[in-house]
Each structure stands twice: as C-alpha cells, then as structure tokens.
Amino acid sequence: MDGLAAPSPSHSGATSGGGASHRKRKLPPSSLSDATADEDDDTTAPSSPSTSPSSPSRPSSPSSSHSDDDDDDSLHTFTAARLDGAPPSSSGRPPKPESSTVSAAAAAAAAAAAPKPDSASAAAGDGKEDPKGLFTDNIQTSGAYSAREEGLKREEEAGRLKFLCYSNDGVDEHMIWLVGLKNIFARQLPNMPKEYIVRLVMDRTHKSMMVIRNNIVVGGITYRPYTSQKFGEIAFCAITADEQVKGYGTRLMNHLKQHARDADGLTHFLTYADNNAVGYFVKQGFTKEITLDKERWQGYIKDYDGGILMECRIDQKLPYVDLATMIRRQRQAIDEKIRELSNCHIVYSGIDFQKKEAGIPRRTMKPEDIQGLREAGWTPDQWGHSKSRSAFSPDYSTYRQQLTNLMRSLLKNMNEHPDAWPFKEPVDSRDVPDYYDIIKDPIDLKTMSKRVESEQYYVTLEMFVADMKRMFSNAKTYNSPDTIYYKCASRLESFFSNKVASQLAQASTKN
C-alpha cells in the first residue's frame, strides 16, 4: 500500500516558521496501481493528503509515460550535472530501468493482508476501518519477526544494505539519493504534485531515512524533527514494489526511531493517517490516543479532515535496530530458567501401542509405565479423574464397576428408544458414499457398546458422554434440519441428557 503523512506547516504556505497557520484540510482519495500488501508489514499505506494547498493536483494514473520520463530525466540530468559538470544530451539518455513500478511504505503500511492491488489505495479518506481485522490481521509471530530482522541485519553487516539519514546538505551522493527517493514518492503518489514532494524532501528542515541496497535507494521515510518540542512529524514513506515482502518497512521504521531518539533527541512521532494506514501504524507502535501535551504540537502540525492523528512514543532504552538479539536473549534466559524448574525439555521415545477394532487396545498399559509421566507430576490418584466421580464409591475398583454398569444401562436405554434406529450400526459407505469424506470422526451405538464391554476405553463418564454427543453432532452436520435423521438426533440427544442426569442423581443417592 502506498501513502504519505501530513506535510509540515512550513510547506503549506510560503513561510518556513514553526508556528505556521493552523488550517483544516480534507484527505481526497487517490488511486494507485500495482500496490500490494502482505501480512509482514512490508508495504505501507498513505497517511496524509494527496494534494497540496499551493499546487494543482496531478493525474491519478501512476503509470503515465510522461510522469516516468520526467522522473528519470530529473535523476539522470541531476546526476550528470553534479558529477560530470555538464548535462547529458537528450539522445544519450540511458534507458529507463525496468522496475518502475513502486509501492509506498509510507508512514503507514495499512492492513496486513490485502489480496487485491486496488485495496491498497492511497489516502482513501472515505475508507472504513475494520476493527476486527485490525487486531486479527495484525497478529505477527515474534519468531518470524526475529528471523526477518536478523536476516536484514546480516545484510547490513555484509554491506549490501544500508539505512542512512540525510537532509539537503549539498553532498553529491546524498542529493542523488534524495532525488531517487523523491521519484519513488512521486510515482507512488500520483495525486500528490511533484513540486510539493520536492519541496518537502529537499527542504533543509526535513530529513529522510533511506533504505539503500547496492547503492540504490529502494525506499525511505521523510520527516520533520521539531527538536525544541522533542517530537517529529512523518511526511512520506515508501518502499519500491520489487523490494517488498522482505521486512524493509518495519526495519526502516526501527532505524528511524533509533536515529530520531539518538541524533535528534525526539521522544514522540506524530502523523495523520487515513483509515487504510491505521493497521500499519498500529504494528509500528502508533496509537490513536495522543499522550503528548497539546501545547507541544498544536500549531506545529496541520489538522486534516478525514485523517486520524496517531502518536508513537519512542522508548528511550529499547535497541530498535537490534530488537531481534534482545528477543533471542530473553528467550534463552526464559528457556534456561524453565529447564532449571522442569524436565519438560526431555523427549522420550514413543510407545508401540497397537489398537484393534473400535479403538480398543490390544493390551493394557498402566499409566505409571509410560516414560516421563511420573516425572511430569502425574500421581496414581489422577487416573480416571472425573467431575462425576463424587456420585460413585470412593473405592477405585468399585467405582470402575459402577461406571461400567451405568454406561451399559444408558446404552440399553438408548438402543430401546424409537429414534435410535439410525445410530445402531456404523454408516455403510456403499449406501452413503460421501459420508466418510464429510464426517472424519464417526461413531455409533454398536462401536460404543464394544468400548464399554472392553472396560478399557472409557475411564471416565465424560469420555462416554463425549462420544455420544459426537454421534449427535455428526448426524446434524451431515443431514439438513428438515430430514428425519436430524430430527431423530435432536430427540435422542434430549433423551440422553435427561437420562444421564437422572442416573447420576440415583447413583449419588445410593452412595
């Protein structure tokens, strides 16, 4: 997804003072093509208006040939002028690079999984936020996060990847990178006038944290630090489309936070996000709750109709660019402590325990013979533990016999019920060919009778009841409510529930 954040007030008018006029603006929607989103925060979405108050809007097509030619011309001409001392001839201009399609990792990569490109529209002020998706889609495992961060860190150490922060300082190489970043913003934000993007990126009060791979800019974040107020305002952020799904968006934001804290002395970031960008900001630690004193930021940034003001507090101790190492060390410390208190890390060999018909074991095995069970804290009195055991004799042997008799009685009552006929035998696949494709865990009264008679399968009443309930559930899953099978299952289930309750009451009275 592509996008930008609200521009600094100094660029909304002709002046560059920190206390520029305080006006409200609307966030017009802007369409983007070839924008993608993934669940790993690698793409971003817009968070600011797509038009400048002082410049006319551009055509909405990001693939305009004139637009691309202008972008490339500006970079080639600028490079030649700075490094060679003279502009190149128009006929000798190098061909355009193939990877001209880009996507912004703007101060906002919005929703985590957007399967369609057009769902990554920029600055969609009329978009609706899905609160459920905001939390369910943004779930990210720390294991995957750490693996990506460590991979990118290795690339940085190898020199293939750099994260550098520069402003308009007049250095040739830095200026070339800034022009490249400007082109990324311009391609990805078609409704944002180029002149306005240039004004912010090249303004000396703004800084740009850039992702540089093999000496080529592949993305960046432009922001304005208000050092006297100790907060920064994010303006633009983008990652090229062919470098997405690699974690650059998150890594870029982490570098920005650490640089803003250590170099600029900032404690907070503020930005205006549209609804599509909120998801990305939440992943990066932004919230809609503004804790920063209003006196510190009011009048320094603009209010925008259709935008959501979001804040990120920069932690003063977190190693943002080395979070993966911190997480790994924390896990190691926790794992070592667990090993001191438990032997759960020991893996025992499996058990050769073959079963025959109806799931009844060929031979019995005492729980105490299972390796590791006692070491895990098991005690013999836990065998056959049941909530309903209080209704039976405290003696285990007597309890087992009473339980078996109860289950036999229940099965007898079930078999005699007039609605039990569909459940007495296993379903014949020759009569119902697709039954076992739909019902993966079949059960019937005959199979349950075999399990009861083995006196080895049902060690608690709850196990018996669970099988019976599954039988009713299977019937209701396979058959529609208007069928006789569904109705039989409903009536028989009600009968069974009442019978279990009455039998337990009788057993409790006797004991």
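Glycine is treated like the rest: Cβ placed from N, Cα and C.
Annotated features, as they stand in Swiss-Prot:
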ACT_SITE  Glu233  active site, proton donor/acceptor
BINDING   Cys237, Ala238, Ile239, Gln244, Val245, Lys246, Gly247, Tyr248, Gly249, Thr250, Asn276, Ala277, Val278, Gly279  acetyl-CoA binding site
COMPBIAS  1-14  compositional bias 'Low complexity'
COMPBIAS  44-65  compositional bias 'Low complexity'
COMPBIAS  88-103  compositional bias 'Polar residues'
COMPBIAS  104-125  compositional bias 'Low complexity'
DOMAIN    168-315  domain 'N-acetyltransferase'
DOMAIN    398-503  domain 'Bromo'
REGION    1-152  region 'Disordered'
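Put simply, the two farthest-apart Cα atoms among Cys237, Ala238, Ile239, Gln244, Val245, Lys246, Gly247, Tyr248, Gly249, Thr250, Asn276, Ala277, Val278, Gly279, the recorded binders of acetyl-CoA, are 21 Å from each other.
For the domain 'N-acetyltransferase' (168-315), the DSSP-based tally of helix, strand and coil residues reads 57 helix, 45 strand, 46 coil. Residue with the densest Cβ environment among the binding-site residues Cys237, Ile239, Val245, Val278: Cys237, by other Cβ atoms within 10 Å.
Under DSSP, the residues of the domain 'Bromo' (398-503) split into helix, strand and coil as follows: 74 helix, 0 strand, 32 coil. Over the domain 'N-acetyltransferase' (168-315) the predicted model carries a mean pLDDT of 89. If you measure from the Cα atom of Gly249 (acetyl-CoA binding site) to that of Glu233 (active site, proton donor/acceptor), you get 17 Å.
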